[in-house]
Amino acid sequence: MILLAVLFLCFISSYSASVKGHTTGLSLNNDRLYKLKYSTEVFLDRGKGNLQDSVGYQISSNVDVVLLWRSPDGDDDQLIQITIKDVKVENVNQQRGEKSIFKGKKPPQIIRKENLEALQRPVLLHLIHGKVKEFYSYQNEPPAIQNLKRGLASLFQMQLSSGTTNEVDISGDCKVTYQAHQDKVTKIKALDSCTIERSGFTTRNQVLGVTSKATSVTTYKIEDSFVVAVLAEEIHALRLNFLQTIAGKIVSKQKLELKTTEAGPRLKSGKQVAAIIKAVDSKYTAIPIVGQVFQSECKGCSSLSQHWQSVRKHLQPDNLSKTEAVRSFLTFIQHLRTAKKEEILQILKAENKDILPQLVDAVTSAQTPDSLDAILDFLDFKSDSNIILQERFLYACGFASHPDEELLRALISKFKGSFGSNDIRESVMIIIGALVRKLCQNEGCKLKAVVDAKKLILGGLERAEKKEDTMMYLLALKNARLPEGIPLLLKYAEAAEGPISHLAVTTLQRYDAPFITDEVKKTMNRIYHQTRKVHEKTVRTTAAAVILNNNPSYMEVKNILLSIGELPKEMNKYMLSIVQDILRFEMPASKMVRRVLKEMVAHNYDRFSKSGSSSAYTGYIERGPHSASTYSLDILYSGSGILRRSNLNIFQYVGKTPLHAIQVVIEAQGLEALIAATPDEGEENLDSYAGLSPLLFDVQLRPVTFFNGYSDLMSKMLSASSDPISVVKGLILLIDHSQELQLQSGLKANMEVQGGLAIDISGSMEFSLWYRESKTRVKNRVTVVITGDITVDSSFVKAGLEISAETEAGLEFISTVQFSQYPFLVCLQMDRDGIPYRQFETKYERLSTGRGYVSRKRKEILVAGSEFPLHQENSEMCKVVFAPEPESSSSGWF
């Protein structure tokens, strides 16, 4: 009995050791042939999960797996052979019927004979402890075909115990988590952790950016240390943040099922795996199991010059308001990204002056080394003969979706050279600031070019001797928003003269809340309350805005409220409107304002009944569950009724994240002499000036001057028409996302989203002494096209989903002031044109031989035009300003 017990324990001990030896990964039995059924399928849709509404394809086959060699030093060192046989390609959507692109075609016709032969050649997999040590295949096989074999081979890499580790497979070097439970193992691959060389870029701005999500789960059913069934599912979903109808999803599945086992070839003996492989076939070579990049053959693709000729007519100046112009702009950018410098230069040099600005927009927006070299060779900054082209180039740089260090380095080099136009020199510095901001947002603050640009901006601001240079560096800092620049801004805000002081405060206004420290707020309070010196109204009101928009304290709010009633007349009304707007629109400061208003000393009739024409109002353009867009308009007048500043802002929100889409600020000063009026306190010695400062998609652009100085004003009044001055005009690449994906199945996927717009912002200021009336106009006209393109490619069959949306919108702001009486009459109008919105969806499946299936859908709606509401006082005033002419009661001569 004791002897039996000892023998039993020895048996258990040896059995346990054997199991332990096999728990690290799959283990094949000697001299057995495993016959399996394998399929990989992929389908694309807009995220609705309806298979009948999707496009895609399925590749299926039989698979033979045998163990060729096992190391005599350990069971977990194995060499296995995997052979794909009996390949089929068919629709994933079985309801396609007669429309199936595979109908009547055999695998050699679909895949091509040479590709099919390569696909069915065996591969060898060297596994140690369940992990891939080497992957062996034949050289010179098409990468796309090798990737399909890699996708199958990667399924055999797994471990039988729970835990988290890193594995290298077709997806790259990835973090994976195993969950083992009895005869089932689940492998979760963190796709965002995978290290693999793939091209791609994205727009870092959260509002204009794309949200993508990827998951990969593989479930193994294990029996006798080998797979009975494997099911892998990989999902990639994408959506545009502010327009969620631009969305798509790729679902890729792999299924592997054991059908039977039968007698197989005997194990090969030997200690070195290299000798075994050579004995099997000396042509085998070790290649990476990580998926390799391949380019599909492009049949009938046009050259750059051919494509340019096909889209050129749509980019003529008269056609820029049409959506076809923006679509042509986007497609041309895609062609430019694969073009060489010489090809691009050839087109630039051959074009006429009318179409060159649009061509410069496109070449700059391509953002490739070749396109940058071409445009820099083409433009001559030492000449003043092509200023429009230089400015269009610089604006396109400022709006760049994914700028690199080389672009910034090029602009720094240009700035240190000579210029034919001082306006262009200013624009270069302003755009340098914008690029610094974008590169820092992309974790590039320590790049040498960024460090050099910071020194250039801050050093230039500190040493500037001319007013124009100070303004230029302040505008650059307004774009860059460098924390280290705040002490300089505080110095200029408090001590400098009016325009510089105002620009310094508006620059501080652009900083995020964490940078508006107690020290900053103390300075803003001193400016607003004029404790050290007298400041212009524009400076004081902007300082108040900085305080109120950045977590104001109880005493800060109370002191601002108590000041109302002690300010100049129009400033009283303006500050009162600001407070009322905060309360009505429930801005962050509204809770603190309500707390303070519980005190009677702050909340009384005298304070809240101040008259005047200045105003502030915020409202919604559109409001949805995920996003919203708002407009705000505040206008400050001088005591004599002349416009001092109008500020129009449009913000786009995704959740609580804002994008400052548009800001148009019109400023005027020193015009009181025209109507023999008395200037306000602190503004007695201001030169006559009017200008417009634009900000577009978070990028401050160079301000435009209407007139500067009394003589310039008089000449403009006597000679100028009411034609508006163009402030910003051009084509902008606003959204730019490109992602190349290596699917676990071996297929290649691409997800791209592009958004472009044609924009035209113009402004005018009309002044009539005869009618004692002034008019200010700001016109915004935009045409927007957004395209999403998702494809899955095997090199012999391709499925794709294209979604696009387009719209045209116009917004006009008119301020009319009649100062023939006092109080003067003011009417503000904000009108929006009717907005057509169109959405298109195209789904397709296409063989490399040309046969295809296409499905198209279209949706169109019209949003009626409207006049945006402003405060009630404005509505009443407009009725007086535009009162109908009284009808004559007499029909005779007298």
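Glycine too: its Cβ is placed from the backbone N, Cα and C atoms.
Per Swiss-Prot, the feature signal peptide maps to 1-18.
According to Swiss-Prot, the domain 'Vitellogenin' annotation covers 28-662.
Positions annotated as disulfide bond by Swiss-Prot: C174-C194. DSSP assigns C194 (disulfide bond) to a strand in the three-state reduction. Of all Cβ atoms in the shown protein chains, 25 besides its own fall within 10 Å of the Cβ of C194 (disulfide bond).
The number of other CB atoms found within 10 A of the CB of C174 (disulfide bond), across every protein chain shown, is 21. Taken together, the residues of the domain 'Vitellogenin' (28-662) have an average pLDDT of 94.
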